[in-house]
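To start, the structure under review is shown below, and the notes come after it.
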Amino acid sequence: MEGADLLTAGVLFLFAAVAAVPLAARLGIGAVLGYLLAGIAIGPWGLGFISDVDEILHFSELGVVFLMFIIGLELNPSRLWQLRRSIFGVGAAQVLLSAAVLAGLLMLADFLWQAAVVGGIGLAMSSTAMALQLMREKGMNRSESGQLGFSVLLFQDLAVIPALALVPLLAGSADEHFDWFKVAMKVLAFAVMLIGGRYLLRPVFRFIAASGVREVFTAATLLLVLSAALFMDALGLSMALGTFIAGVLLAESEYRHELENAIDPFKGLLLGLFFISVGMSLNLGVLYTHLLWVAASVVILVVIKMLTLYLLARLYGIRSSERMQFASVLSQGGEFAFVLFSTASSQRLFQGDQMALLLVTVTLSMMTTPLLMKGIDKWLSRRLNGPEENDEKPWVEDDKPQVVVVGFGRFGQVIARLLMANKMRITVLERDIGAVNLMRKYGYKVYYGDATQVELLRSAGAEAAESIVITCNEPEDTMKLVALCQQHFPHLHILARARGRVEAHELLQAGVTQFSRETFSSALELGRKTLVSLGMHPHQAQRAQLHFRRLDMRMLRELIPEHSDMVQISRAREARRELEEIFQREMQQERRQLDGWDEFE
């Protein structure tokens, strides 16, 4: 693709994303389906703006690559070892069972047995990009079903290597073309990457971080991710697997959070590009000429994978309320099918339109998943939020609540319990099914649902409530909810949880002044106790704590992100000097009796 064409394609991709995703969100079908529909619109079977789909699809895999690197950063080797049973037990069972059933059905559809085996393996795989994105949107990444889903996806990525090696064997060209020496060299190169990364990455990043230039650190992070992807691609292995391993190797390093922040903006944009590319690859000509075959294939594929996953989730001990989510989020075909089927086609395993039919089936199955998840969400809402005969009497009645509490994790539970102990009428919204089930057993009236949906907030009593307390784990959800309340429920008094200074700044800029940084108060309290343990009088330590709190809050308001780094550094130094002067005046002016004030009074 020429430079000018690449620039034009980039503009078209950005325009499609900007136009389609907000429209999809307004229609309530989700960002992923919006990207897919945008791809169909600008692709060769839509308006025809872009025709070189294969090249763009390969480039767009970088979105999955960046996503897997961030996931690797969140898992250390010890955590992976803990997941070994679910990875090699449930993951292997899912791939083998689904592949066997699907291969048998393809043989009944006049596929050669070799092509049926490849087709079954390819269709058994799920879309890592789509599944992880949907799990994050639905809050599944912290639940037991989400962890199991990730384990299955990880095994599927590991299965890429033997699956690709199997294709030439099935094609009957093993003796003529299959070079075992090359395979051994690839394994050796992979081992060198693991060992080298284990001992070299941290010293290299330590050297780069010492420069103090953030842009260089970001560039080094991009270099690491892209190099790992290219290295694995050169070996004929999964690019996503290579970057996942790089992330795991850095998961226990002191640069983990900085690496994640550097990559995150690129990940989101490139994931969108990937979904648009998948939409562009949909062959509407094949769909039109084989409509019944494709429609039946999509239904059969989704049903078989859902049944297999549901059965495995039940055997693994996943709660019944979470099994449907787990089964549906992995029910689609995946991006690996494009690679595997192309390799099989080059070995002439497929006949006629067989490859095109399989690819159309995979693409359409990916489009069904957001709709399927939306339908299951509604079903779960009716099931979990409806009245039950064996429900215990709730602590408070939820008719016309005074307060809506969003999130019932450790932070939200403390707030909700305090409000209920003071006889306040509250409604609690939580999108973790496991937490909803557990809390309802203890008599809490917790409702399942995504609070970023206006209709759910309205049915929860937001129009009648006086306040809303937002305790979401994800900062993006918090800011989205703030904007939603300001637009649709301007009367609500908004109180929010801030995970740190960055989110506190965002809340202030959005006009939210009542917020609590989750670790700030507890850290101040422990600091006060430390001062007392060092011999400071309890009253002085208490006043020092109050002075520090007031000054820090003032600095938080003054040091907004619009200021340059030098201005912020200068102002922070002034604040530190000001704090020291306040404490010195306190020491000079207050000469109190050591037994004149008791911190436990």
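Any Cβ shown, glycine's included, is placed from N, Cα and C.
Database features (Swiss-Prot):
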type	residues	note
DOMAIN	400-519	domain 'RCK N-terminal'
TRANSMEM	4-24	transmembrane segment
TRANSMEM	29-49	transmembrane segment
TRANSMEM	55-75	transmembrane segment
TRANSMEM	87-107	transmembrane segment
TRANSMEM	111-131	transmembrane segment
TRANSMEM	152-172	transmembrane segment
TRANSMEM	177-197	transmembrane segment
TRANSMEM	207-227	transmembrane segment
TRANSMEM	230-250	transmembrane segment
TRANSMEM	262-282	transmembrane segment
TRANSMEM	284-304	transmembrane segment
TRANSMEM	356-376	transmembrane segment
| field | Listed stretch, out of 111-131, 207-227, 230-250, 356-376, that has the most CB pairs under 8 angstroms to the transmembrane segment (284-304) | value | 356-376
| remark: Sequence-distant contacts of the transmembrane segment (262-282), meaning Cβ under 8 Å and at least 6 residues beyond its ends, amount to 13, 16-17, 21, 31-32, 35-46, 50, 53, 56-57, 59-67, 69-70, 129-130, 133, 217-218, 221-222, 225, 335, 338, 359-360, 363-364, 366
| Mean pLDDT for the domain 'RCK N-terminal' (400-519), as a whole number? | 83
| request: Determine how many residues of the domain 'RCK N-terminal' (400-519) DSSP places in helix, in strand and in coil. | output: 50 helix, 26 strand, 44 coil
| request: Could you tell me what the rest of the chain brings near the transmembrane segment (29-49), counting residues at least six beyond its ends with Cβ under 8 Å? | output: 12-13, 16-17, 19-21, 23, 130, 133-134, 137, 272, 275-285, 366-367, 369-371, 373-374
